[in-house]
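Taking it in order: structure first as structure tokens, then the write-up.
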Amino acid sequence: MENVFDYEDIQLIPAKCVVNSRSECDTSVTLGNRTFKLPVVPANMQTIIDEKIAKYLAEKNYFYIMHRFEPEKRIDFIQDMQEYNLFTSISVGVKEEEYTFIEDLAAKQLIPDYITIDIAHGHSDAVIKMIKHIKNNLPSSFVIAGNVGTPEAVRELENAGADATKVGIGPGKVCITKIKTGFGTGGWQLAALRWCAKAASKPIIADGGIRTHGDIAKSIRFGASMVMIGSLFAGHEESPGETIEQDGKKIKEYFGSASEFQKGEKKNVEGKKMYVEHKGPLQDTLTEMEQDLQSSISYAGGKQLDAIRNVDYVVVKNSIFNGDKVF
């Protein structure tokens, strides 16, 4: 591997602006048969998304992926969303009971629009087998498979039938895979994304390591169709999880998907818990992301998201922030 870099090492280079106002720039993106307002999806984690937020996002035309940590609620969730005439997007694992679950959905003719196979190490026989099982039983569902970190993995999952792959092994803020195992894309997630995107023939979802809104534009530049974000979506008014007051400040809990807090036991722990500052309404963050991305498109010299894919960039090793803080 040469040219290894991460988000903070990269600066995109502006091109001549062709709009009078950033509001002319269109941030929408198509995934499967649908077009969404932003190329961003909140992480399918228990402290980030719940049924209420999923419904809100779908109504407002944002992409969502419901988490898989209360498997018994999934059928009701699909039925509810369909009753509201909203798109359905769920997660599954690879255990035996998930095979039965997929067969149940087919038998009941409950067909999710999107199914994400969500395991920490997605380059595995188990995931390939599950992709094929879903495609046999629910051929019209759009299958996202992950998580992976290599071009070989992307090719194998695409060849097995995945409609998109999710790239990122342990770069997330509450993920400690890199520390516990020695493996992962933490510290070079953006380079891994670029490497994987070059091999991909289908969409890629970049997952993890996003710390600023500018990182969304950088992900698009290096090949992502959609960007999954955890920590920036944590701690909102609507977010699941407790709000507590500490030193006169409101904070909320945020924990990783393989943490003991999510599992309820201390076994194979690869996630941790942290508290994040209370961020106010979710819509404020979504609106700010859209405006920042519109600005990114205007700096890229275009009117559509794709303009960002063609800009030049420089590698500035770990120096672009010079201690800058947005707040």
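In case you wondered, yes, glycine gets a Cβ from its N, Cα and C as well.
Just so it is clear, the model here is predicted, and its values are computed rather than measured.
Counting every protein chain shown, the number of other Cβ atoms lying within 10 Å of the Cβ of CYS175 (active site, thioimidate intermediate) is 25. According to Swiss-Prot, the active site, thioimidate intermediate annotation covers CYS175, on the basis of sequence analysis.
Listed in sequence order, LEU190, LEU193, ALA206, ILE210, VAL227 are the same-chain residues at least 6 apart in sequence whose CB falls under 8 Å from the CB of SER219 (NADP(+) binding site). The NADP(+) binding site annotation in Swiss-Prot covers 204-227 and rests on sequence analysis.
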Residue among the binding-site residues ILE204, ASP207, HIS213, ILE216, SER225 whose Cβ has the most other Cβ atoms within 10 Å: ASP207
ILE210, PHE222 as binding-site residues, winner by CB count within 10 A: ILE210
Integer Cα-Cα distance in angstrom, SER225 (NADP(+) binding site) to CYS175 (active site, thioimidate intermediate): 23
Three-class DSSP secondary structure - ILE204 (NADP(+) binding site): strand
Between ASP207 (NADP(+) binding site) and CYS175 (active site, thioimidate intermediate): CA-CA distance (Å): 12
